[in-house]
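Notes follow once the structure below has been shown.
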Amino acid sequence: MITLVYGGSSSGKSEYAENLVCTTGYKNKYYLATMKHSDDAKDRIMRHRNLRQGKGFVTLEHDVDIVNAISEIDSIDSGDFSTNKADLDGEIVLLECMSNLVANEMFRDGEINSADDCVAKILSDVKELEESVSSLVIVTNNVFEDGISYDVGTKEYLRALGAINRKLAAVAEEVYEVVVGIGIKL
Amino acid sequence: MVLIVGGSYQGKTEYATSNFPNCRFFNQLHLFIKKRMDEGMGQEAILKEIHEAISEGDWVLIADELGNGVVPMDEKDNEWREVSGRILIELAKEAEEVHRVVLGIGQRIK
């Protein structure tokens, strides 16, 4: 089962998605981080870590090939993180964020992969991941409303992310758009 | 306090004046935030000044949503977008009502 959380930059979508995951009551919660470590990203990663502190997430880091998270989950998942009997059996994964994953898959190992290849690859990875866990929450970004005409490379990226967002929205059970921290069900 | 957000030229002001005729308006809040940032103020200080400005009477705050685009090349623009977003999240938590205006159509989201 997929839940999609969509929103602009600094819209509060991360915190909203984390709270959503926490209210589902699954015993095992994983945070699948797709952001590459760089100086620019450091502050943002620290902010997100602080947000998740105390919420009982195990962090997995895969900036490409998110299917590798499956074997990692299998190796960790020897017991339940939560001892709360009321919690649901199984595992929930919070993937954050699709916009980073698309950039990392597209501009990979010094090569530029086409939008179509990226879309097909990522959707297949997501499907495999979804099938191996109880629930998957995906955070993705609205980067489509500034009206600026970008260079060819950026346009390809926007096309890929837009296509993935639409495909995920079509198969998701629930889609939320987050505006100033408030989730609107679409 | 009522918060109204939306993109540029979506009819936020008209929506605000017709739906909240007896309130005082703090319009273009995102530009106020930019001005204060240019003067060297940080997120907390700006939020505090906004709180002080609206401490008396019934206020409607109106701001553009800035975050729905590609990360700006200019670091200052990027920071403005982020600080503005964070301040709006805080104000939305405090607001009795939050409305979002798209194509002149307002939707109450809180």
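Keep in mind that glycine also has a Cβ here, set from the backbone N, Cα and C atoms.
Per TrEMBL, active site, GMP-histidine intermediate is recorded for A:HIS48.
Feature annotation from TrEMBL assigns GTP binding site to A:GLY7, A:GLY8, A:SER9, A:SER10, A:SER11, A:GLY12, A:LYS13, A:SER14, A:ARG49, A:ASN50, A:LEU51, A:ARG52, A:GLU61, A:GLU96. In the three-state DSSP assignment, the secondary structure recorded for A:SER9 (GTP binding site) is coil. There are 20 other Cβ atoms within 10 Å of the Cβ belonging to A:SER9 (GTP binding site).
Just so you know, the Cβ of A:SER11 (GTP binding site) picks up 29 other Cβ atoms within 10 Å once every protein chain is counted.
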